[in-house]
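A short worksheet on the structure shown next.
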Amino acid sequence: MNWLTNFVRPKIRALYTKKDVPDNLWHKCPNCEAMIFHRDLEENLHVCQHCGFHMRLDADKRLKMLFDDDDFQVIELPKAPIDPLRFRDQKRYTDRLKEAQAKTGKSDAIRVAHGKMGGIGTVIAAFDFGFMGGSMGIAVGEGLLAAARLAVLQEAPLVVVPSSGGARMQEGILSLMQMPRSTIAVQMVKEAGLPYIVVLTDPTTGGVTASFAMLGDLHIAEKGAQIGFAGARVIEDTIRETLPEGFQRSEYLMEHGMVDMVVHRKDLRETLIRVLDLLSRPGPSAEIVTLPKQEPEAVVAPTEAESIEDLTAEPTVAVTSDTPGAQPHSGETLEPATPGDRPER
Amino acid sequence: MQTFLEFEKPIAELEGKIEELRHLTDTGDINIAEEVSKLQAKVDRLLRQTYAKLAPAQKVQVARHPNRPHCMDYIEGLVEDFTPLAGDRGFAEDHAIIGGIGRFRGRSAMIIGQEKGHDTESRVRHNFGMAKPEGYRKAIRLMELAERFKLPVITLVDTAGAYPGVGAEERGQAEAIARSIDTCLKLRVPLVATVIGEGGSGGAIALAAADRVLMLEHAIYSVISPEGCASILWRTNTAAAEAAAALRLTAQDLKDLGVIDRVVAEPIGGAHRDRSEIMTAVGNAIEDSFDELRGLDGGALRMKRRDKFLEMGQKGLS
Ligand SMILES: [Zn+2]
């Protein structure tokens, strides 16, 4: 909450929350409660322009946002057995499924598509949190396997965008078995030498986090996403303490070494394209140039107190390496760097 | 001290009577020995009948029975020269997961399992069998060690689940479990998992993505505890029995679903009533599994293990 939201909200409310305005034209930010006009919402990729809150995106919007020019093909997923346990709580699982299907127009909680990202052929599997909390049952496991197989077939990187509360309880042990099954999907992609990137979005918890979602070559988290294994309430009940500020949020996970970076949604596509490009198109220079030595051998290993930045900022030791092309990595001139300029001794 | 479960009340009463009679020896009037053996036969019959048709919620109780043999009991009963190995080499030693090398039926093996403890002190020490990331990271380290020396791996699963705590989350509970599953699936040595008591969700599968998954007759294995499931789907803890039934968490159902490979029969009245019998049964089942896997090289083991999991879930309960 900031001054802007406090300031703007009452005004907007006064102006627009009349009964004759159709509901779907205005959306309330779940965080700051500001009213946001639908067009602004779309334009800002469902990020609140007042407080920066990242709202959940359904799989179709996610795919549209990530692929080049909205151009991608959604693939048909293999049919999974329906309600293998004949599960029933207060409702039948089959009824819950039908409701979710009617509500979302999807057959289950995952969507797999292929297209290009920055010109790089890419397979993306995106979750629909709106479909039973994005929970992972057999259909989702099959979807991830199909995505992995497609990536291998097309020699394309795989990007998975989970948004899931975890395993689908109504499929009992078979939902638990999607943890090893989705892990196998990841192994297929990695064994083929292809990048596997996980974009952690709100929320990524439970059995989903404890399987494919934490096995990425890279973990990119959207700002403010809840990411964790156990639910916050379960933890509170166990330890009987209140949880630390920002617990299980993207930024917190990054501080604890679990994700590579936290990005704003508006930068997500660009970031993905950049890393996909770096990982899958090493370029011609990679084949001919031997990497310059990171640290000259004469340099004494930094003590705990010194950081690498300290070393690079002030190279106090001359480069003595005789590797051709070895260069000091700061701007300072120490010795002629190229072999041709090297004085004979 | 024998602990009786609620549904065992009639059995407890009879056993109490037997106890009383035994103290009455030498009064002379009635033939005590005969009376005792009659009552004992009745107890056996009742136990057999009761345990033959335990409801899922009752199995949950048996699986969590405080007298039930735990990981370290099996290690003591089945493994010679057991040498515990400690630590994840990164953060800590987690006493919830026991691991080490030893000799199982004459062959060196790596043994890894969750230990719940048997009294207040040991339960606290082992954190009730609920491992933290360092526990799973230790398991990963030991599985990789086993692979390096071509030792088969035996895992013994008995946990309510991975520990839900702030530190565990900060150190990457999810990542540790994911890596442990990944390691199980990549392993180039035989891996046989046995669910000896409670197979609780991610904390269990972390050690059970195995070539063979065995399960004791009255053990349970589930994606969520019946209590947890009840509070989410029924919105009340009191529906735990219904949830236990709906989740299909018994060994018999899991065998039908193709999730486990073999049900290991327990002594009449459960594993806690005859430790030496259950030790032999579990040892035999593990040895059989290794025999079946013998002759497969690392690559074949890995491929078959994967195929097994890939096929899973294609058939429901009939
Ligand atoms: Zn907002």
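The backbone N, Cα and C atoms fix where each Cβ goes, glycine too.
Automatic, uncurated: that is what TrEMBL annotation is.
If you look up TrEMBL, you'll see A:CYS29, A:CYS32, A:CYS48, A:CYS51 marked as Zn(2+) binding site. Every protein chain shown contributes to the tally, and the Cβ of A:CYS51 (Zn(2+) binding site) ends up with 16 other Cβ atoms within 10 Å.
According to TrEMBL, the domain 'CoA carboxyltransferase N-terminal' annotation covers A:25-294. Predicted-model confidence for the domain 'CoA carboxyltransferase N-terminal' (A:25-294) is 94, expressed as mean pLDDT.
Among the features that TrEMBL reports, region 'Disordered' is placed at A:294-345.
The zinc finger feature in TrEMBL is assigned to A:29-51. Taken residue by residue, the zinc finger (A:29-51) breaks down under DSSP into 6 helix, 4 strand, 13 coil.
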Cross-chain proximity of binding-site residues to B (CB under 8 Å), evaluated over A:CYS29, A:CYS32, A:CYS48, A:CYS51: none
CB contacts for A:CYS32 (Zn(2+) binding site) [other CB atoms within 10 A, all chains]: 19
